[in-house]
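Okay, so here's the structure we're looking at.
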């Protein structure tokens, strides 16, 4: 009898475990609308695969990350991304890379990666970095985690959370980031909210931010720089 219950327990655990691990594949782009006519299909969830017979070493190679990016912009920073869009060999591998250059007091503004966790390593300079947790509950504030990073320091930004990097030094800074997606995506908060096309209704933003509509109209009239 004990053996019977033991076997039953194992079977139940196996079923529960298999169910808990079953899920749809993670999205590799913002959306992928289904079509019934395969001839109309243009995209897949990710990229089409090249015929293995036509693959060369160049498909897995990209030079240039030793070259500093141009930080002469409003933010004083620039991101040089290496992902599946410019390094085809990353397709299906679930990883990408970015170099981030900062002018003195340059900022990589609050943003999220909807499809990837980021691991940041500082090579040069001093960065003030942080991320904000998701909404905790009624009448509670989102918790902020911050750290001052020096060369050799590493910091992790969990997937989907708003985060930033700010050069607090008087000299340039350089960091490299690894991301857990071949196409992690970037949503820069200010650009998305105040620089969308078409613009979000100013009544919506005025109520959301609890400010006068003139403030919203002013912010929407600004040019929001994309440093990616």
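Count begins at 1; order follows the chain as displayed.
Glycine is treated like the rest: Cβ placed from N, Cα and C.
Copied over from TrEMBL, here are the features:
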type: BINDING; residues: 108, 113, 118; note: oxalate binding site
type: BINDING; residues: 111, 113, 118, 163; note: Mn(2+) binding site
type: DISULFID; residues: 32-49; note: disulfide bond
type: DOMAIN; residues: 63-217; note: domain 'Cupin type-1'
type: SIGNAL; residues: 1-22; note: signal peptide
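Put simply, of the recorded positions 32, 49, 163, the one whose Cα is nearest the Cα of residue 113 (oxalate binding site) is 163. Per-residue confidence over the domain 'Cupin type-1' (63-217) averages out at a pLDDT of 96. When the recorded positions 32, 49, 163 are compared by Cα distance to residue 108 (oxalate binding site), the shortest distance belongs to 163.
When the recorded positions 32, 49, 118 are ranked by how far their Cα is from the Cα of residue 163 (Mn(2+) binding site), 118 comes first. A straight line from the CA of residue 32 (disulfide bond) to the CA of residue 118 (oxalate binding site) spans 24 Å. If you draw a 10 Å sphere around the CB of residue 108 (oxalate binding site), it holds 27 other CB atoms from the protein chains shown. Its own atom aside, the Cβ of residue 32 (disulfide bond) has 13 Cβ atoms within 10 angstroms in the protein chains shown. Counting only the Cα atoms, the space from residue 49 (disulfide bond) to residue 111 (Mn(2+) binding site) is about 30 angstrom. In this structure, the C-alpha atom of residue 118 (oxalate binding site) lies 12 angstrom from that of residue 111 (Mn(2+) binding site).
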